[in-house]
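TrEMBL lists B:25-89 with the feature region 'Disordered'. Residues or ranges marked as compositional bias 'Low complexity' by TrEMBL: B:68-77. Per TrEMBL, domain 'CDC20/Fizzy WD40' is recorded for B:152-450. Taken from TrEMBL, the feature repeat 'WD' covers B:284-316, B:331-375, B:419-451.
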């Protein structure tokens, strides 16, 4: 019984190469993508050409291109992500799309792929994108809840309802579910996170040395610094400047990422004298049978660098 | 007496007849139809046939009323039109108030039970980047740097889960297959050589594997997409032999002494004895789809193979000379393709396996009995596994969407550290011969070296000096 008798479909034989997608994938498109020779360069070029920021409804070109990339390039999750980034940044100041469902969904899909979307949500709020959309508030509250900021999540649901975000049923349903989960969490609290070992060690605490009060008479030439003391301890909200751009992931993380170095400059460590190098390797314990046609062809003169011969 | 004998004979005949009609020695992985239907009947309390109404979903009182009211409405005569209309309106209002307006006489299916309030589908983690599970964090006694020590460019590295394109040999050389070319990089000196290029059309290299052990460290086995396995002498840069035996690409290789096992898309494993002319000495048949993971145990007694049909199969080494050998154990707990397979260097018979996108679990097995010891849900596709040769730790490489390497404490399976840096999914992991560095190949076309396993304890006195000297090299 040969396994090749019943040939599995193309999507099954390459099922691990398709990035998981929330809405699922179309089988026919998957088969085509994993098929013999997917020739979609023309389609990609066509889509790229259609992208622009002018026109009647330029957002439509972006959404169709993103959908196309997701379905027809299942392995390459990065392409769709970068396209969404471009789209979000291109239209961030565009008034007509501020509460457009497709545009808000574009932002939320972008946030789904970020590790830390809190800043992104705050940026969206500042730019007033999606404030009337229940999906925005629900997504923000869900991410906050998952990180453990339960109070923040509760406030977000309330704020969403205040702003009159639509559809309201979605907000109320998600809020009810959130409250049920909060009750559950109180009943079975999760195990506490272990604290780092070094910080809990008992050490004799040294009392801070008291600085002698400098009398105004002794300071002489320089007057002591006057600090305004607020009796009521009211928070003073300073006006926050405008936040012009969120920036692409690559720009924001460019100092945290390490680019590749050329191979020849990147030796790992000094070679151990005991470890066998290529040239000094002892022949194997068994004799390898050499094929006739491999013996007949003369071995090409090795042009390896001199270091290999050491 | 004779009657008893006749009865016995009759029973024997019946038994024979039954054996002929129901052959039990035919091994088939497909359940017979009668068994399937019996299971269906016992499983579901609701009927699967859409033309048979479900009694439990029908409200008989409503149905009776609807049927009787439709009969009565046609029978009243001799009434004026207005009073008939008024009665109709009154009846309609009553019906709307008391009964379900959309009620039908027959109902065909019941709705699925609603989830409990507040339930969040745990599959959400599959489609979003953040891991929302609270995993236990184990404490580590040593410092594990969070950033890779080296990043190398690997253009044209094929982004295919099923291939094994990197191998780190005992001679401290890394072999990397980029498209149709295999490059050998000496990790000690930094020298790089181009070993071979496949020139037949759009052939590409599918797997590479160094001959393990201190002796014979210069031999590299290469599997190609044409189905042939080549053995190269790297120091002399020449091919020693070309071995056939597969009908499709050879995506994984594993060495056991002089026996090279190769497996690929045709779902068979072929054992090659590289010392003799007729190299194909045995084969293993059992998998249904492409085999992507292959690993011999350190003591050389068992071969583990994982395939796209979600099975892990264990084969005994005693029968490597047999054609069409059957597996000793077939482990079907995974629900996705299994590529990551790693034998524990500390405990005999312990095998770790990692599942793909739909499964996302790392499972630990006792290979001699085939029992599952432990199972951990990691939250993303597991592409590769590597054991720490010194400590009891396991490193796993992951895919969508965090692309991290996770270090687990064994046997508690608590996550010690996540090493992030790859912007594309991790495809393969290789451990250095001194057991301190791990190389990870990513779909973002980079190779990253992580010093996550700690340095060898014998060099404790010299480690500080070595670290300092390494620091100097880095700065330059």
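Counting begins at 1 with the first residue displayed.
Note: Cβ is positioned from N, Cα and C throughout, glycine not excepted.
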Counts of helix, strand and coil residues, the repeat 'WD' (B:284-316), according to DSSP: 0 helix, 19 strand, 14 coil
Residues of the repeat 'WD' (B:419-451) by DSSP state, where helix covers H, G and I: 0 helix, 17 strand, 16 coil
The repeat 'WD' (B:331-375): DSSP-derived helix, strand, coil residue counts: 0 helix, 24 strand, 21 coil
Mean predicted confidence [pLDDT] for the repeat 'WD' (B:284-316): 94
